[in-house]
Structures are given as C-alpha cells and as structure tokens.
C-alpha cells in the first residue's frame, strides 16, 4: 500500500506543493535577511540596466569597426570619444533649449486650451460633433487651474527631486564606468557562464546566450536608430512648416516611436494641440509631415533594421502590447516586445534541441543502429 502510494502522481505533486509552501513560509518569516540584498539591488539596478541598454545599443558599432580591421581597443576609444562629444552637445545645447521650450509651453497652456474651446465651439453646429458630447467635457477644463496645478506639482516635487539628486549623481558616475567595462570585457561573460555548467550542456548554454545577445542587440540598436530617424525627420519637417516647440515635439515623436504601431498616433497629439490656433492648413501640414516620416519608417527603416530580428506576427505584437500595458503600464509597453522576442527565440531553440535529442535517441535505438555499432566494435577489435 505504501509502495503504491509512494509511486502515485497525487503523492508526488502533494509533496511538491508542500515543499513549495514550506519554502514560501520560511522565506517570509526570515525576509529581514534579504532586506540588504533588496537595498543593494535597488541601488544598482538602474545603473546596471542603463549600462546594459547602452551596451546593446553601441556594441554593434564596435563589432562593425572590428570587421574593418580596427583593433578592439582603438574601436572602443573612438566610440567613447564620439559619445563624449555627443553628450557635451546634449548637455550644452539640447537640454537648455528643451527646457526653455517646455517653460514657454507651460505658460502658453491656458491660451491653447481657450483656442481649443473656441475651435470646438465653431464646430458645435455639426451633428457628428453633437453626438460626441465634447461641450460638457470642455466645460470642466479650467486652463488656469491646469497651469497652477502643474506649477504646484513641480514645486511640491522639488524636495523629492533634491533627495534623489545623490542617486542621480551616483548613476551618472557609475553608468559610464559599467558601460565601458561591458564593452571591454563583454566577450568574456558567456565563456565564464559556460564554465559553471557540465561539459555536456555547455555548448547549448552558450548557444542560448548567443541567441539572447543577438536578439537584444539587434532590437535595441535598431530601435535606437529608428527613434533617432523619426525624431530628426519629424523635427526637420516641423521646422520647415514653422511649427512652434520644434525640438520638444521632435523628441516626443522620437521617444514614443518605441511603442510599436501606436507611436505615431501618440506623437502627433501634442503637435496638434499646439497648432489649434494656427489654422487648418497648418494642422494638415503637421499630419502630412507625420505621414511621410512614418511611411518611410514603416517601409524602409523598421523592416530592415528591427523586423528581421523580431520575426513576430503583428497580431501577436498587439496582443502582447495590450497585456503588458494593462499589467505594467508604459514601462511594460516599452519592454514587452524585446522580452517576448528573447523568450520566443530561446524557447524555439530549446524545443528544436529537444526534438533533435529525441530523434537521436530513436535512431540509436533502431536495430540498424545496433547492428552498425556491433560491426564497428568488431572491426575495432580485429
């Protein structure tokens, strides 16, 4: 009876569930032991993730220079000098200009809301507008209160900002150092991990990390190039049509490009709100700029830079985005696609490996394979 009970699946899974419950209860009772670990991770997580993001973004450029017979150290030095120059331009020119435009935008917000209310009032005689019931919603919008609320929120958040200044300085100092050593010694990571596993599976572990590295590198570097392309071309188009707050709106358009399919619709909303008092011709020009930029992006940039590395059906992307945005908000929307691509790539490889091993076992178990192995042993014996 006990032997039958010991072999039953019910007994097996009951013991497994009991062990899991005991582990969870035990860990919860000694959670204070892990508090230093949680504190350590909270301090280092952002610098590590930021450095890893930069590594995957710029590592392809180092590899490209190495393929051009440039030594690794020289390629690394060239990249760091170029990045230092770009960082200097961003800090000295781009950030002050963006802050000036942002301050002007906040001050002009009441006027923009009033212009929007007047524009909607002119359209109020249309039947389609009356069906939307926008008058009630606009009646509750007080532009002065909105501006005052923004200023109060900024003032109230100042102590928190000053309190996190130390953490920000820590990240600014540590991220470049971690990023540099990732570029310098990143090729040593996979062999070091392989040495932790038995020889019979070390090659498979290396292949898993190789696929993970390739997927993340192609996606992050491609996504960065796409964001830069959309931001620069949108900013150029806005500048040509005389759009106010060109730099600020171009940065918004480039950043929201990270959200697949929905990015163009999100990015055009601020530009349209800014242009409500500039006439329908200017609004049409904004729409044309966005359409042209994203037609070029959708037909040439995205398919050739990102699409090949993902190999994910558009319907799957939409489902993943909806689930991730519902569960984890904006951060989930941005990170869900690359994480899904990595998981899919690894699972497909492991499944193919499992099928290959299964076929090898079947072939080795056939009579033909046995006779071949016997004849081979006899020849070796002779």
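Cβ atoms are placed via backbone N, Cα and C, with glycine included.
Residue ranges 219-241, 357-379 are listed, and TrEMBL annotates 219-241 among them as transmembrane segment. In this chain, the transmembrane segment (247-276) lies close to the transmembrane segment (318-351): three or more C-beta pairs between them fall below 8 angstroms, excluding pairs fewer than 6 positions apart.
Count of Cβ pairs under 8 Å against the transmembrane segment (283-306): among 40-58, 219-241, 318-351, the largest is for 219-241.
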